[in-house]
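Accompanying notes for the structure given below.
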Amino acid sequence: MTKKDPYAALRYKEFNTFLLLRFAMVFAWSMQFIVIEWQVYSITKDPLSLGLIGLMEVIPAVSMALFAGHIVDQKEKKGLLLKCILAFSVISFGLFLLTWPAVVQDYATKTILYSIYILVFLGGLVRAFLGPTIFSFLSLLVPKKVYPNAATWSSSVWQIASVAGPAVAGFSITLIGVHWSMCSVFACSIFAMLFLSQIEKKPIMNPKIGEPVMQSLSEGLKFVFNNKTVLGAITLDMVAVLFGGAVALLPIFAQDILKVGPEGFGFLRAAPAVGAFITMLITAYVPVSKNAGMKLLSAIFAFGICIIVFGLSTIFWVSLAALFLSGVFDGISVVIRQTILQLKTPDHMRGRVSAVNSMFVGSSNELGAFESGLTAKLMGTVTAVVFGGSMTLFVVLTTGIISPTFRKLDLTKDLEEHENQE
């Protein structure tokens, strides 16, 4: 076997441009989410209102996911991606107007809150198409033999942007206010469109153009549910993240428990992504293909422990460390899952499989936010976080016991086969 090249995917110019585009969009989306979380809690002081942000986004994202995957597989990816970015820019501009001080003063809190929820709902609709489009577009920019490396670098950039977005949001709220922070989000979407313009159109990798919608959607679902490796990884991560969604309650911890203000909130929100990014860099050199199943189970178990520690902590640096380590272990999960999806999915089904993945894993973040907000309302903030972390541990232990096949999953041979392709 040839020596692993950790920079294989970076040797392709269009892939590098794609990484810049991905950074701009993830940075904008994560920054926007933080700004809106802060604004909503500031005007309502209600933990359930934070959970509803996630619910408003996940409803359209999940309900439209399969149809979006079908459209992505049928359409030219660059044009579709441009439409997604344009729609996001319009939504971010609308949120910019809703956070303008004059608007906040002149209109009732409920009017502003419901308007924000409507735009978040529309953002979820855009996300239903954006995720599968980006996943499919990536595979058109590099040869199949470097898919695992491309997935690692793409995930790394996602983590960098996830670090920068919350951190910048925290400081920008303090320095320039919520409304100008939203203006920065809008500017990022413009940069994303500029980066996209530097990438050529790619052929549609689908031999079944014109295929009936229901048949197409059915094939995507059948593929995922018949592939136990793909289904196991997606399901495990979905359930674990669903119950480990403590980050949705960070505005409460920052304002009422740790009392660290918007700057501390930005650091807390960025800490998991910092840990995950470090993991991504390490896995670019040291892949996690060997004993992947056991590593995935162990990583999510450790993630649950970190969430429990965070929930119990009343010391800022302990909370920060717990969130950082949760990101380290979550990063391992992301790399393994993305590698499985890239290696196991046929080219002509990438949109639909990514859509199913979005329904499971993508939605779990927002559903987890709603679950955290609801349980915080019913049980109290600290109890809700500890409960979520405990449920994560329970799910991992149950999976490890009842599924020895998944526990023994190894991706070494799959990686070697793809790396040896011409």
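First residue shown is number 1, and so on along the chain.
Keep in mind that glycine also has a Cβ here, set from the backbone N, Cα and C atoms.
TrEMBL annotations:
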TRANSMEM  20-41  transmembrane segment
TRANSMEM  47-68  transmembrane segment
TRANSMEM  80-100  transmembrane segment
TRANSMEM  112-138  transmembrane segment
TRANSMEM  150-171  transmembrane segment
TRANSMEM  177-196  transmembrane segment
TRANSMEM  230-254  transmembrane segment
TRANSMEM  266-288  transmembrane segment
TRANSMEM  300-325  transmembrane segment
TRANSMEM  378-402  transmembrane segment
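Within the same chain, residues 47, 49-50, 53, 85, 88, 92, 95, 99, 113, 116, 120, 123, 130, 134, 154, 157-158, 160-162, 164-166, 168-170, 172-173, 178, 181-182, 184-185, 188-189, 191-192, 195-196, 199, 248, 250-252, 255, 262, 265-266, 269, 273 sit at least 6 positions outside the transmembrane segment (20-41) and bring their C-beta atoms closer than 8 Å to a C-beta of that stretch. Proximity of the transmembrane segment (300-325) to the transmembrane segment (112-138) is not established, fewer than 3 Cβ-Cβ distances being under 8 Å for residue pairs spaced 6 or more apart. Long-range contacts of the transmembrane segment (177-196) within the same chain, counting only residues at least 6 positions beyond its ends with a Cβ under 8 Å from a Cβ of the stretch, are 17-18, 20-21, 24-25, 27-28, 31-32, 35, 38-39, 78, 81-82, 85-86, 88-89, 92-93, 95-96, 99-101, 168-169. Using a cut-off of 8 Å between Cβ atoms, the transmembrane segment (230-254) and the transmembrane segment (266-288) share at least three residue pairs, counting only pairs 6 or more apart in sequence. Counting Cβ pairs under 8 Å that are 6 or more residues apart, the transmembrane segment (112-138) and the transmembrane segment (47-68) reach 3 or more and are in contact. Note on the transmembrane segment (150-171): residues 8-10, 15, 18-19, 22-31, 33-35, 38, 138, 141-142, 181, 184, 262-267, 269-270, 272-274, 276-277, 280-281, 283-284, 287, 327, 331, 334-335, 338-339, 341-342 of its chain, located 6 or more positions outside it, place their CB under 8 angstroms from a CB of the stretch.
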